[in-house]
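In what follows, a structure is listed as C-alpha cells, so that the remarks can point back to it.
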C-alpha cells in the first residue's frame, strides 16, 4: 500500500515539476562588470513568450519602453500602452508578460536614469516558423509503442501464474505513464511537431513510420498514459483469463498511442483499425449478457466507416502527388485541391471520424458497446477511444481540406447541437447507469465537435480540452457504475437508492465525480465548455442558446441520477450488508481522476498553452486566421 | 548451358509423376507417395527460386529480363513469381494430405500423381507464351483436378462435385477454345506477341478493316471460359458445390492455386494480348467485378457450410481482383497480382484449418467451429488471422495487398475515369459487408464452448503448416511489403512489355 502511494506521489510530482508553458527568457539589468547595460541587449523571442528582467544589485534602474532605438523619453500616451517597470529601484525582478509580445515587431526599451550612458536594449519578436519538424535525439515516441507490446507478451507468457500478470501489467502501464509524462513535458507548448522520428517502411510508396507530437496530441498521449494503470487497477481482481485480459489492454494502449503520434496516413489507418481488434475481444469475451451482439455491431459499424475513410486518404495521396503518405507533406502540397475534390474527400473522412466521435446519427453502436463492455473496456472506450474521431478530424482532415471543412461547418454545427441535446435527453430517460454515461458521452463529445465547428482558436482549444476532460471524468463515471455493480450486482437506478449512509467516503467521491462531469467550475469540463461556448457565441451568436439548453439538461440528468441512485430513502431492493466503502483499488483510481480533473480545472493553462498554440497552427495553416 | 535446364522445375515434377506408380508397385506404404511428392515439389520450388535469383548459373541474360523459348515458353519475373506460389500451395496441400487421409484410404498413389500433374499444368500455364500452350497447361491442371475432386468416389458429394466440375470445366474449355479460334482466324497467329502485334496494327490503322465486333465476341468467349476457372458471377455456380464436396486438401488447391492459375491466364490474355482493344472488354470486366463481389458477399452471409462460405468469399475476392482489369495500368495490375498471391495464402490457410477440423472428425459446418479456441488455440488463431486478413484488416497481409490493389485502381479513377472510383468504393464497402460472416466464424470459435467435451487431436503437420501461413500473413508480408510491391511491379512490367 505504502509503496503504491509513493509511486503515485512520485508521478504527481514529476507531473508538476517540469510542465512548461510559453517559453521563458531572462534579461539581466546590469551585469557584474558593467552596471549600465542590459544583457542580452538584443533578444529574439517568439510571439507569446514571457521575458523576465532581473536586476543585478548596485544601481537603481528601471525598464521603460520607448518608440525607437534613438528615443530617450518614456511616453505612455495614445492608444498604445507601453510597458514600464515603475520608478527606478535597486535589485528587483519584473516580468514583461506575454500580452506585450503577441505581435511581430521590435520593442525598444531604455533605463530612464541611465539613458545618457546608452543603457538601452531591444526585444525582437519574430513570427513562429512554418510547421517545424524537430527530430528528437531520443526515441521517446517509439518507446511508447514498444513498451506496452513487450508488457503484453510478457504478461501472456506468465498466463499460468495466478498473480504475476497483474503486477506486470501495472508495472508496464506505470512505466508507459512516466514516458507519456516525459513526452508531454518535452513536447512543451511551442509550435510545430516535436520529438519526431522517422523509420522507412516502403519508400516506393512513400510510407514511413513518421512519429511526432504537437500541442494537440501531447495531451491525448498523457491521457492515454493516465488511463492505462487505472484500468489495470480497476480490474485488479479479474477472474476470467486475466493474463489475456491485461495483454489485450496493453495492445490496445499501443494502438491508441499509435493513433495519436503517427503523422503518416497509412500508418495512422493501420493503428486506427488495430484498436478495434483488442476492443472486440474485450467486449466479446468479458462483456455482459448481450456481448455477442454488441461486439459484432461495434466492429462492423466502425470498420465500415473507416474503410470509406481509407479511400479518402488514398485520394488525398494521389491528388497531392508527392509520393508520400506523410500528413505534413500532403498538407504542404494541398494548395491545388479543387473545391469539388475537397468536398468529396472531406465527406469521406468525416463519415469515418463522425462514427468514432460518435455524433448523432451514427452513435447507436456506443450505448451497446458501453453497456456490454467490462468496466475496464468502457473506461478505455470512453476515456481514450472516443477521442480518436475528433483528433483524426483535426489532424488528418482539416489541414489539407480547408474549403471542404468550411462547407461542412453548418452540418457539423447542426450535428453537434443535436448530439448535445439528444444525448442529454436520452440520458434523462436511462435507468442503467452505464447507458446514462454512454449517452452523456455523446452529449459531451457534441460539445467538442461544436468547438471544432467554430473554426476558431478558442473553439479548437476548448474541443481538445474537452477531449482531455471527458477522458478523465467519464472513466470516473464508469468507475462509479463499476463500484455499484461489484457491490450490489446491478446498475439499474430504480434498484439503487439510499446507500449514501453506508458508504460516506465513497459517496463523497461519487458526488465530486458527478459534479465534475456536469461542469461545475473548478473542474476540467467547465473550462472546456466555457471556451467552446464563448467561441461559438463569437462565431454564431445567439444560436448559443441551444447548446446552453443542453447544459441545463446535463445538470438535470446528473443530479437526478445521483439523487435517485445514491441518496434518498433506502431502497428495499438494496441489501445493506453488501454496501461498504470501495476497496483501495477502486477508491484510488477515482481519487486520482478527481485530482487530475480538479488540477486542470484550476490550472488550465498547463494544457491550454500547448493546445492553443497548435490550434492556432492548424487554423493558420488552413488560412482561417 | 543447355536451355533444357530452364524446364527443370517441370521436369522434376514429371519425373516424380512417373516415379510414384513405380513406388506403388514396389511398396504398399502410403507414406512413401506423399514423401516422394513432398520432396519433388520442394526441390522444384528450390530450383525455381534459385534460378530466379541467380540466373547467370543457367546462362540467363538478366538484362533482357525474360527468356523465351521458341516463342511458346517464357521465363520471366511474372512466371517465376506465380510458379513459386503454385509450388508453395501444392507443397502445403501435399503435406496436409498425408495427415488428412487415413492410412487405409484407397488410391493414394493416384491422388499424389494427380496432385503433381495438376501442379505441372499450373507451371506450364505460368510460363505459356501462346494460346495453345496456355490451353494445354490449363487443361492438364483441370483434368487432374476433376479426378482429385471426385477422389472419394464412394462419397456421393465428392462424386457429384466431380461430375459437376467435369461438365462445367469441359464447357468452359470449349468456350475458351472457340474464342481463341476466332482470334486465330482473324490474326493468323497463335502466339500472344503475334496476336498483340496484329491487333495493335488494326488499332493504329496499319491494317485496314473494322474488326471491333469480332474481337469483342472472341473476348466475350474467353471471358466466359476463364470466368468459369476463376469463378466469377455469372459463371460461379459450380464453385460452392465443388468446394463443399471435394476433399478439403483438394479444395485448398482449387482455392489457392487453381484460382491463381485462372488469373494468370486472364492477365496474359487481357492485360497483354487484347490490350489494344481494351475499350471492347473493359466495361464487361468492370461489371463482372462489381456483380461478383456483391453477390459473392451477399450469398456468403447465409451459408451454413464453411466450405460453401469460403467459396462465396472466393467469388467476392475474385471480384476485387478483377477491378484492376478495367483500370489497366501497371500499378493497378501489380496490385491485382499482389492480391492474387496473398489470396492464395489467406484462402489456403483458411482451408488448411478447415481440413484440420474436418480430419479431426468435427465436421464441416460453421457450427463445428464452436469452441475451437478451447480445443486448439493455434488453429483458432490461424483461422482468425486468415479470415481477418481476407477482410483486409490492417496490418495483415490481406490489407497490404488490398491496399495496393485499390491504390493502383483509384489512381486511374482520380486521374479522370470516374466510373472506376465507383468500383473501388464498391470494393471497400463490400469488404465491410464481408466482415459480418467472417466475424461469425470467429465468434463461434472464441465465444462459445465446444458442444462435446471429448478430447480432439489435431494433426501435427496441419498445425505446423498453419504456423507457416500465419508467419507469412502476419509478419513476413507486412514487414517486407515494399519487396512484395517490387516483385509484383516487376511481374506487371513483364505483362506490359
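Placement of Cβ uses the backbone N, Cα and C atoms for every residue, glycine included.
Database features, via TrEMBL:
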DOMAIN    B:128-427  domain 'NADH:quinone oxidoreductase/Mrp antiporter transmembrane'
TRANSMEM  B:6-26  transmembrane segment
TRANSMEM  B:73-97  transmembrane segment
TRANSMEM  B:109-126  transmembrane segment
TRANSMEM  B:132-151  transmembrane segment
TRANSMEM  B:163-186  transmembrane segment
TRANSMEM  B:214-238  transmembrane segment
TRANSMEM  B:250-271  transmembrane segment
TRANSMEM  B:283-302  transmembrane segment
TRANSMEM  B:309-328  transmembrane segment
TRANSMEM  B:348-366  transmembrane segment
TRANSMEM  B:419-439  transmembrane segment
TRANSMEM  B:460-481  transmembrane segment
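Fewer than three CB pairs closer than 8 A are found between the transmembrane segment (B:348-366) and the transmembrane segment (B:214-238), and contact between the two stretches is not assigned (pairs 6 or more residues apart). Two recorded stretches are said to be in contact when at least 3 C-beta pairs lie under 8 angstroms, sequence spacing 6 or more; the transmembrane segment (B:250-271) and the transmembrane segment (B:460-481) fall short of this definition.
With a threshold of 8 Å between CB atoms, the same-chain residues lying at least 6 positions outside the transmembrane segment (B:309-328) that come near it are 230-233, 236, 239-240, 242-244, 255, 259, 263, 266, 270-271, 275, 278, 281-283, 285-286, 288-297, 299-300, 303, 335-336, 339-340, 343, 347, 350-351, 354, 366, 390, 402, 405, 408-409, 411-413, 417, 420, 423-424, 427, 430-431, 434, 437-438, 441. Counting C-beta pairs under 8 angstroms (sequence separation of 6 or more), the transmembrane segment (B:6-26) fails to reach the transmembrane segment (B:163-186), with fewer than 3 such pairs. Long-range Cβ contacts of the transmembrane segment (B:163-186) within its own chain (Cβ-Cβ under 8 Å, at least 6 residues beyond either end) map to 131, 135, 138-139, 142, 145-146, 149-150, 195, 198, 211, 214-215, 217-222, 224-229, 235, 237-238, 241-242, 245.
For the transmembrane segment (B:73-97), the list of distant contacts is 6-7, 9, 34, 37-38, 41-42, 44-45, 48-49, 51-52, 60, 65-67, 111-112, 115-116, 118-119, 122-123, 126-129, 133, 249-250, 252-253, 256-257, 260-261, 264, 267, 337, 340-341, 344, 348, 352, 355-356, 459, 461-462, 465, 468-469, 487-488, 490-495: same-chain residues at least six beyond its ends, Cβ to Cβ under 8 Å.
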